[in-house]
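According to TrEMBL, the feature domain 'Acyltransferase 3' maps to 3-329. The transmembrane segment annotation in TrEMBL covers 7-28, 34-54, 75-91, 124-145, 152-175, 187-206, 218-237, 274-293.
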Amino acid sequence: MTGLRGAAALFVMLYHFHLKMIATGPLSTLLLHGYLAVDLFFILSGFVMAHVYGEALTSGTFRQRSFLLHRIARIYPLYLLATLAFVTLALERGALNVPQYVTLSANLVMMQSLGDWPSMDPPAWSVSAEMIAYLLFPLIALACLRSSRKVALVTGMAALLSVLAMTVAASRHYIGTPIAKGELDLYFTPYTLVRCLAGFVIGQLLHRLFRHGTFNPVLSGNLFQCGVLLLVLVTLAQARSDFPAYLAMILLVATLAQDRGLLKRLFASPPLMLLGKVSFGVYLLHFQAIGLVDRFSREALNRGFDPAVSDGIATLTAGAMVTTLAWVLHEGFESPLRRMIRRLEHRQAQAAPGAW
């Protein structure tokens, strides 16, 4: 799943970069649906959490405190750094007022998705929503992993219907406004939590099917996997509704979970694995590079380049800068801090083995 996570981070970055591009072409519609990669992140997160912690939940050895510490160690250091970087820029412009300090407080504890508070680092809204999903993980897993088939089926249908309801509501109220580029481009309350929890639930239910071997022989065939990849691209490139693309992404995760065949080789390629390794940094840091895309693209255009070439130069340059910075921070900041937090947790566990 690491390579798929890298592809999703790249897709989100290209989506935001595309908003500043000059040229239009056959890839425009595809790139304008890059926000759906965030839903792919949510589905992946639910699947991975079920894979890593599902056995502990079913055996009764799951510890919520340890789980949350591991999750915080994974996401908070870089999240805090990215948030403070945006705050620094806002302070330099004198753009922070008293209400925004309340917003900042909510951002610092990753709870902005619970209220009408924007994220200081715009893509970080999904991190806040996912933190809520982590807090609710034992309850969600109870319905998805430890329930009867009937309860799991009802839970899955409820999640899919909530996604469908969001697409209908958005098509009536938000499409054509500056708020949303598409039906599921919903990053404000209450849709943030609905988007996240729906994907989180679906990911866990996919793992339940995977664990029981449902559909495995069918999903492993190369011809079928080619069809799945084509289906994802076609549904992303059509402009009518986001729901078919959402269903196609669910099928993509289910197919890749087989860990064999053409898709495994594709998403295990070194470039995508590298992107997957630094995907969190790419996701959180790329928004600050949008201005660079605009500047680079217009500079290349002024030098006589074709608009499509100008956009390509700008995207490659800004994307390379973001990926390099994400790698540097992963190796020099994220990983060391994560190890330090886990060492502290281990010491505390040894000092108080009976603690919750």
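Even glycines carry a Cβ here, placed using N, Cα and C.
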Contact between the transmembrane segment (187-206) and the transmembrane segment (34-54) is defined here as three or more C-beta pairs under 8 Å separated by at least 6 residues; is that satisfied? yes
Take a look at 75-91, 124-145, 152-175, 187-206, 218-237 and tell me which one has the most Cβ pairs under 8 Å to the transmembrane segment (274-293). 75-91
